[in-house]
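Notes follow the structure.
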Amino acid sequence: MTSTIPILEARGLTRSFGAVRALDHVDFDINAGEVVALIGDNGAGKSTLVKALSGNLALDSGEIRYAGGVVDLNSTTAASKLGIETVFQDLALAPHLNPAQNMFLGREIPAPGVLGKLGFLDTKAMRLRSKAAFDDLGATVRSMTDPVGGMSGGQRQAIAIARAVAWAKGVIFLDEPTAALGVVQTKNVLETIRRVRDKGVGVVFISHNMPNVIEVADRVQVLRLGRRIATFEAKKTNMEELVAAMTGALDGAGA
Amino acid sequence: MTQTAAPTGVPVAPNEQGKAPNFLARLTGIQSFQILLVLIVIFLIFTLLAPTIFPNWTNIRQIVQNVSILAVLGIGMTFVIITSGIDLSIGSVLVFSGVVSAKVMQAIGGSGWGTALVGLVVAIVVGLLWGLLNGFLIAKAKVPPLIVTLGTLGAALGLAQVITNGVDIREVPTVLTDTIGYGNVVGTTIPLISLLALVIVVIFGIILHKTKFGLYTFAVGSNEEAARRVGVKVDRQLISIYALSGALAGLAGLLSLSQYGTTAIAGQSQTNLNVIAAVVIGGTSIFGGLGTMFGTMVGLFIPAVLQNGFVIIGVQPFWQQVAVGAVLVAAVFIDQRRRAAAARGSGSKSKVSLSSLWTRKK
Ligand SMILES: Nc1ncnc2c1ncn2[C@@H]1O[C@H](COP(=O)(O)OP(=O)(O)OP(=O)(O)O)[C@@H](O)[C@H]1O
Ligand SMILES: [Mg+2]
């Protein structure tokens, strides 16, 4: 599964927040049809990297290439045009809207004919497709009409994941997608990750759960203090090695 | 890869559907039902206390007519508050638009429909410009809505006084006063101004609850950041909404000219607060993301009916302000409880509060 040109590649990305250098010349790459786990301690820069690669963060310097060509990911719209979708750590759902409205927010299906031109929406179609997407994920979203703000953390997470999976065509970022999920739902998400990968999409999976990482990832890239300090083949590594890399025991100097 | 393409790998299930939504409940929201009950109770009490005067059509007609201009203003305010914003400037924009419109109509001369139509367009455009100014300052310059509209409240009123030297203009084309002002719908005793207001309310109610523009209004108020991330043009949405509020205030300026035959510069100092109170009483959350047009209309009638009823039964009308204040605080209290319930994640909180209302009443 090693193609020569990564679907998404970052070189030397740097971003500081005041005195904190959240990203410090970080490199990253992922191929189409590959699951890359991104791991690192709290504050290592994982979420910041995801934001940079999904058009949610301006960079101080560095270069991003999509399928070999340099791209300017200056907005989420630019990213989703390329087929890059993200499940953010804070989910980014609108709590007062229902699951279907959240699923299709920004990409509503217009009502057929003149009504659609006037701005009316095909609510029924969006509801049906959302429900199908949730069922696909094995998510227990009971109501299509209640606001998501009243739903459990796991249900909201499932909705956010289903939304990203449904729209991603190139790369999907999942920032700690299983953090709020039960055992069954976690299995479902890991299963979904494999299924999305098999469609040829690159999946970036962020998690603090090492068994999950080793189970689902093809490669593991380790961030520490805003840098990528190691890349492992998931099949050839183990928990001890990963933890050592994250905590800086491997690189000795530490930085 | 077009953005509007169907999600890949998401087959459409042919017969499956989520729970059939209760259309009426969706449209009106639960708090507006509760507030409707309150309105009905108030109405019945006054009917009992003054059975011959209060419930007859002449009186009801008066109430409806009094509410009409506020209803037009309430439309814009509902959109604005759903985005978690506020528009304090509507009363001043109403006055300013009325003044400019009256000046223009005065300059053109004549009291026919031609002049009136120009006056109408001028009023709406002038209101729209104030609204655009509000919108730009809020969306682009990121000045909080409270401050921006407090500023334009003062500016618009001050400029209206500069233009008129503080003296009201009392020349209004008679076609306006005779039709929109005091006239009825042909063949009925329904005030024309009320029918006009109703039509506009229904149109914007449909836009709010049934179209993409409405959905984005809720999305921006619910989670601005989330809306931005999925590509909703948040700034444009906010500017449009404040522009709408301004344009409707401009229209209200012309309606007010028609109804009172004067620019009534000093007469609108409480208008913004009255409209905001109505919107909030109607169940629209000042924290954004939640609200209905229907609720706003019910919320407008509560103060109006109280005022009218108190006068009829001989209570000092000052009590109306006390009563409205109490209803307002109660409405926000309910809203807070609802938000707390939502935060706790109780799925059916709305049903619970409605049933508790039924069981506790009487
Ligand atoms: N908007 C911001 N303003 C200031 N500092 C920030 C901002 N975003 C991130 N940082 C800082 O950048 C560093 C990296 O944060 P980031 O959220 O990327 O970590 P993370 O690897 O995702 O951690 P976690 O595992 O806790 O989610 C942290 O020190 C954080 O405080
Ligand atoms: Mg993080």
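Note: Cβ is positioned from N, Cα and C throughout, glycine not excepted.
No curator has checked TrEMBL annotations; they are predicted automatically.
Summarising the annotation, TrEMBL assigns transmembrane segment to B:33-51, B:63-82, B:117-139, B:145-164, B:185-208, B:273-306, B:318-334.
Long-range Cβ contacts of the transmembrane segment (B:145-164) within its own chain (Cβ-Cβ under 8 Å, at least 6 residues beyond either end) map to 80, 85-89, 91-93, 95-96, 98-100, 103, 130, 133-134, 137-138, 242, 263, 265, 272. Note on the transmembrane segment (B:273-306): residues 27-32, 34-36, 38-39, 42-43, 46, 63, 66-67, 70-71, 73-75, 77-78, 81-86, 90, 201, 204-205, 208-209, 218, 220-223, 320, 323-324, 327-328, 331-332, 334-335, 339 of its chain, located 6 or more positions outside it, place their CB under 8 angstroms from a CB of the stretch. Count of Cβ pairs under 8 Å against the transmembrane segment (B:318-334): among B:33-51, B:63-82, B:117-139, B:185-208, the largest is for B:33-51.
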